[in-house]
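**Student:** My questions will all concern the structure given below.
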């Protein structure tokens, strides 16, 4: 069939060229539509269930909220893993599903299970599912702030919206903001009611998160003494506000034939109307809210805050919808914000702080630069070695055509163009088959022309093109099949590594398949069309000189093979020794151009104290000339996609372009060291320096933010905490450990209110009545809402901040006694019903699949991940004794490296068995098949030496390089063996067949090796964004092809000569060879 395709391509060459042009045009159109991203979407399918319960401690949250939800979700079909977090007043359960699951269907299933769990949850508690986004869904951050944060430099016109001469800020609605809380609450109002609703309409945006400022509230601050004097309870105050804030419909009336809708709108519209609301009557005199309480426009008891460049702000985050493209969504968000800016009130601005599309474009710029430079080098080599510009053009045209055809397949398979899918394309590797066919056609046309002594006729030329293509189609087909097979292991990857590398392998296979089809159709047709004139019989000088120097060495290798075999064995032994010194890591870290400084303080740190620490930290880091801006997110945002306690902050450090860095500062490691020096004097901090995407990536795959984690499982939290501290001490002593820390599960100061049940009973009260009074006074009780157009603000009853923190005031808090007819209602001080005491409680409780766990996390610097874990595991086993029932697991990126390595250990040998079987089918001799396979070890040896010389750890990226170079080595060996077998079939002696066959294949072997290796040179030496991910793969291929080429030209002929001579000795009397 293939021969028919070749003949048809030559005979109908103009039709083939026309169809190729059409397909190329379709490919160009598809390439323009190809979605662009940084890396493949590696996120797992998960659903977050967030539950806010302000009045419960971490242990109570675990017992009464987290556990019932986990129990309800357990057993749901498709659940792969489940982890949870219980903190003060907050529960988050993360359910991870199998990749084959339909996320929207699973969310429906979770909704049904949550309905089953609700009867087991505390009254009023409502679990909420997180947005339909991913762990890497935050594609755009922006800051909502005053154009002049403190009013300095602003144009002041009293009476007009903006800053006033007295330091206050006048809103467009005439509200005068005089204090810090009201100013920040105004920024939050702008974010929640102007920016967020518009931004949520952007295509590809799942939701918009808000953090910082204060959610505006109308706060009713009761005076406990006045309430006691009037005999009014907290419950009566709350009920009075709800009763005074009503809107009811009364159907309609008819008058003069017309219908009038009856409205009875008694909604409260302002703080003054709250003050005039009647609570009760005493002796016929109405008691209003204003008589027993102060009414202020204030803010929530917040759990999160944000700041930028040393000033408090509000930070918004656009969350990308699952399956959307980060570049297009981030660009759409940026464009939408530009429109929204026109609708902002005077004096308020939006400042973009993190835009994922900028990283995408910087990464793709690096990939495109490497592809163009690699293609240019390949074309130069083709021109230099073929010595015929027409032939070089034919081979070079396969490069853009294969890329365009691949784009059609990528769109069809929903693969984005990114660092992995496009970054591994080596056009030299892809066009190897085309180069072999073009080179053979060029050689045969020259030989036929020399034989005829004239220019060939059209018929002769076409016949020769068909014969030359047919001659090389067998090694080309089997060689391409072998290259396909060597990449099969990568398609067996699962989890994160599968999502990361499968698109790369599929794209490479699409390009190889495209080039292969073009080699059978387009290339013969173009050869028949372009190579019409006289073909030079003389080889280019480079090839001629190479052959001249090569022949005597080749003859020596065939005649005396043992020294060459000995050198090969020594090389393999040295490579095996060198590999023991090569480090291991899951994959190289992408340089995101920005940094993230995670700060953790002692558990008792309040959100306001965290902000007070963040502000000077931002100013200190901002003083570095290479830093463009610094912004911080402390605590938990409204959607709780990334919940943090009040004592933790993420400080995002946005760097300037490297061209603007100070002289002498060239690497990010130097910048990190300078940041550490700046933050070292800061007290009450534990810093972890990483990158925004890297941090979320680590957290996504292992539930932690660092490179590696030791997860400790058990039941007793005290034992878990003490064991974690011991392991952390061991890790800190292990070379390479940086930013080692143990999340503090305990040490959270707790103010306990202990009920005296006997006293409560003596006064005729119930525990609930006392508890409701405490909760309303301390935590606050919502008592309706005020509507302002589309906006709505809660009315909340709670004690003033200073009174809430004063034990004497709390002790004197009146608890109203049951009413006695005919007597004024009496009260009893709270201190007579309860006791106050301070204790140490838990900060958080974490669980994996229903099992309590604590972890120790660390980043790794100065050494590879694999050797660090090996070293640390030995030290922990020797120095830390685990209590009964407790066990540890290693998590983080090492977990993925381990899983991928174990899978490769099984799949790679199976693939090599398949390759050997394929070669045997192509060659028909077990001995010669084994001879070709000897190319693989020396190719791998070159890759190992290259990694050692460049001090690059072994990673999954490097393993793909080893796989690629193995395929090229086998292809070259197959091309050489095919030439030797042809001469044997023509009757040549073994030594003559080996020498002449090798001499004939010098040029194609050198060309395939050079174009494949030089195509990777730009990737190996690149320094742009994303280059670090490509370097291991490119380095391995270049180093491997150097040794593989030496093997193909010297060791392979030497081994082949030995095998053929042995077969000659075993020849039967009838001339048939015995199988060796």
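Using N, Cα and C of the backbone, Cβ positions are placed for all residues, glycine too.
As annotated in Swiss-Prot:
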- 14-34: transmembrane segment (TRANSMEM)
- 367-387: transmembrane segment (TRANSMEM)
- 391-411: transmembrane segment (TRANSMEM)
- 419-439: transmembrane segment (TRANSMEM)
- 476-496: transmembrane segment (TRANSMEM)
- 503-523: transmembrane segment (TRANSMEM)
- 562-582: transmembrane segment (TRANSMEM)
- 904-924: transmembrane segment (TRANSMEM)
- 929-949: transmembrane segment (TRANSMEM)
- 960-980: transmembrane segment (TRANSMEM)
- 1004-1024: transmembrane segment (TRANSMEM)
- 1036-1056: transmembrane segment (TRANSMEM)
**Student:** Answer with yes or no whether the transmembrane segment (367-387) touches the transmembrane segment (960-980) by the criterion of at least three Cβ pairs under 8 A, sequence separation 6 or more.
**Tutor:** no
**Student:** State the non-local partners of the transmembrane segment (1036-1056) in its own chain: residues 6+ outside its ends, Cβ under 8 Å from one of its Cβ atoms.
**Tutor:** 426, 429, 550, 553-554, 557-558, 561, 564-565, 567-568, 571, 928, 931-932, 934-935, 938-947, 949, 958, 961-962, 964-966, 968-969, 972-973, 976-977, 980, 994-995, 998, 1002, 1005-1006, 1009, 1012-1013, 1016-1017, 1020
**Student:** Counting only CB pairs under 8 A, let me know which of 367-387, 476-496, 562-582, 1004-1024 has the most with the transmembrane segment (929-949).
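**Tutor:** Most Cβ pairs under 8 Å with the transmembrane segment (929-949) come from 562-582.
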**Student:** Hey, which of 14-34, 391-411, 419-439, 562-582, 904-924 has the most Cβ-Cβ pairs under 8 Å against the transmembrane segment (1004-1024)?
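**Tutor:** Highest pair count goes to 419-439.
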**Student:** For the transmembrane segment (904-924), what are the same-chain contacts with Cβ under 8 Å, counting residues 6+ beyond its ends?
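**Tutor:** Non-local partners: 474-475, 478, 481-482, 485-486, 488-489, 492, 930, 932-933, 936, 959, 970, 974, 977, 981.
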**Student:** For the transmembrane segment (391-411) and the transmembrane segment (503-523), check the count of CB pairs under 8 Å (sequence separation 6 or more) and say whether it reaches 3 or more.
**Tutor:** yes
**Student:** Under a Cβ pair cut-off of under 8 Å, which of the recorded stretches 367-387, 419-439, 503-523, 562-582 contacts the transmembrane segment (476-496) most often?
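**Tutor:** When the Cβ pairs under 8 Å are tallied, 503-523 comes out ahead.
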**Student:** Which residues of the same chain, at least 6 past either end of the transmembrane segment (14-34), have a Cβ under 8 Å from a Cβ in it?
**Tutor:** 400-401, 403-408, 410-411, 416-417, 518, 521-522, 525-526, 529
**Student:** Short question: which residues 6 or more past the ends of the transmembrane segment (562-582) have a Cβ under 8 Å from it?
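**Tutor:** For the transmembrane segment (562-582), the sequence-distant neighbours (Cβ-Cβ under 8 Å, at least 6 residues beyond its ends) are 864, 934, 937-938, 940-942, 944-945, 947-948, 953-954, 1043, 1047, 1050-1051, 1054-1055.
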**Student:** For the transmembrane segment (419-439), what are the same-chain contacts with Cβ under 8 Å, counting residues 6+ beyond its ends?
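**Tutor:** Counting only partners 6 or more residues beyond its ends, the transmembrane segment (419-439) has Cβ contacts under 8 Å with 38-40, 363-364, 366-367, 370-371, 374-375, 377-378, 381-382, 386, 391, 394-396, 398-399, 402-403, 410, 468-469, 472-473, 475-476, 479-480, 483, 500-501, 503-504, 506-508, 511-512, 514-516, 518-519, 523-524, 527, 590, 960, 964, 968, 971, 975, 1003-1004, 1007-1008, 1010-1016, 1019, 1026, 1029-1030, 1033, 1037.
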